[in-house]
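Q: Got a structure for you, written out below as structure tokens; questions coming shortly.
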Amino acid sequence: MDLQRTLMFSCWVLSLLIIKTTAYNEKQLFQPLETENANAMTAVMERGLKTQRRPEHKNAYATMMYMGTPRDYEFYVATRVLIRSLKSLHVDADIVVIASLDVPINWIHALEEEDGAKVVRVENLENPYKKQTNFDNRFKLSLNKLYAWSLSDYDRVVMLDVDNLFLKNTDELFQCGQFCAVFINPCIFHTGLFVLQPSMEVFRDMLHELEVKRDNPDGADQGFLVSYFSDLLNQPLFRPPPDNRTALKGHFRLPLGYQMDASYYYLKLRWNVPCGPNSVITFPGAVWLKPWYWWSWPVLPLGLSWHHQRRYTISYSAEMPWVLTQAVFYLGIILVTRLARPNMTKLCYRRSDKNLSMIQTAFKFVALLFILSAYIIPFFIIPQTIHPLIGWSLYLTGSFALSTIPINAFLLPILPVITPWLGIFGTLLVMAFPSYPDGVVRALSVFGYAFCCAPFLWVSFVKITSHLQIMIDKEVLFPRLGESGVTSGLSKLY
């Protein structure tokens, strides 16, 4: 019995150690560099932002990277996938990453040596709007995007957020004017993709506007640029000139096909954007549903498209050792709990103990907490940017494995404990079904399935609590002090 108690306790301790190890490993990824020369900003103001490697093209695709958010590593992975996907489309342009000085040096080397990007290091621009009442702190450093105007080595720059999914080559954008952007919102253009002509004059003027705190509704790059280019809505729609060597002058609105909001797809489950080429998908929604997170699919079907690009660009080799470690650990839990099934821990009490009712209530609470933890712990220790099929498989394996601990430790019936597991598996199948006519039918199907599952979850909860009470009443789990508990047929309670 002592050995079994030790085995069961060890399983939960190892689970907690995995969480600690995951947190430590992620922390190790974020060791910052030492602060570079404070005169760097002065040099940028005088000469513009220069890449350490000589420019190979006259135009560039650019994105930015900065530290200080809880999701730095995920955005680093997304940046690498964006770079590799552009490379795979054989774009006729350099790919530039505007990186803050505290981006880890190993990340910089990966971007330059493995991905072929040109990295420029910058000091973070001070955000004068961070004390606004509606300010979202995750956009604190998003004004670094303004550095794109200082990329004076290039004629045109297409500035990108990392949550863009490119479907085809978009080099025709370099023929656009001094500033071009897409109006996802009928009245407000989106800054996830825009075309600009680098200009130190414009860059200095933007910095001046930051100093005087130009009107900025959201305190981020979106609000600032919408305020700065307030007349863009009245400008003509961009049409690429037939001569691909001609660059237009002025400001233009870009067709919606260059920034297809993923939410449009979820309504019809297909693209139907007639104006302009369907070239780029953007994911401007909730941060926790960005396409690189394994749980984003099948909740949002397009997440699998992003992971398809990742699979053929940077792959998942960085996460796979940790995935395999977890899989082996979960299989070990199933084996250990199976071997420990015949005899389980028994607690003793005296009939006269005034705290008996409290002990029994606490015992039920602990049993339910173990079950709940079995479904929560695996979710948080799976590598967040792993492929969804691997992520969900590992989650289902982990939750089932950890569920066997309360099943065996508290002698619970199997079916009620794994009913949530079956419900989750069924939900995944309903959401992943490929033949829905549109997003409305899909949403109704998911809600209908959830509605049908709710009674089963409630019945399972009632069965678990009543089963625990019966076992307590029959003194299977709580034999009186001085008496031997039931040592045979523990599962035969009726």
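Any Cβ shown, glycine's included, is placed from N, Cα and C.
Summarising the annotation, Swiss-Prot assigns transmembrane segment to 4-24, 316-336, 362-382, 389-409, 410-430, 444-464. What Swiss-Prot records for Lys145 is site 'Important for catalytic activity', and it gives similarity to another entry as the kind of evidence. Residues or ranges marked as Mn(2+) binding site in Swiss-Prot (evidence: similarity to another entry): Asp161, Asp163.
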Q: If H, G and I count as helix, E and B as strand, and all else as coil, what does DSSP give for Asp163 (Mn(2+) binding site)?
A: coil
Q: Got a sec? Which of these binding-site residues, Asp161, Asp163, has the most Cβ atoms within 10 Å?
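A: Answer returned by the neighbour count: Asp161.
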Q: If you measure Asp163 (Mn(2+) binding site) to Lys145 (site 'Important for catalytic activity') at Cα, how many Å is it?
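A: Here the two Cα atoms lie 15 Å apart.
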Q: I need the CA-to-CA distance for Lys145 (site 'Important for catalytic activity') versus Asp161 (Mn(2+) binding site), whole Å please.
A: 9
Q: According to DSSP, does Lys145 (site 'Important for catalytic activity') sit in a helix, a strand, or coil?
A: helix
Q: I'm a bit unsure how to read this: which one of 362-382, 389-409, 444-464 has the highest number of Cβ pairs shorter than 8 Å with the transmembrane segment (316-336)?
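A: Highest pair count goes to 389-409.
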Q: Other than its close neighbours in sequence, what residues sit by the transmembrane segment (389-409), given a CB gap under 8 Å and a spacing of at least six beyond its ends?
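A: For the transmembrane segment (389-409), the list is 8, 11-12, 15, 294-295, 316, 323, 326-327, 330-331, 333-334, 337-338, 340-341, 344-345, 367, 370-371, 373-375, 377-379, 381-383, 417-418, 421, 424-425, 428.
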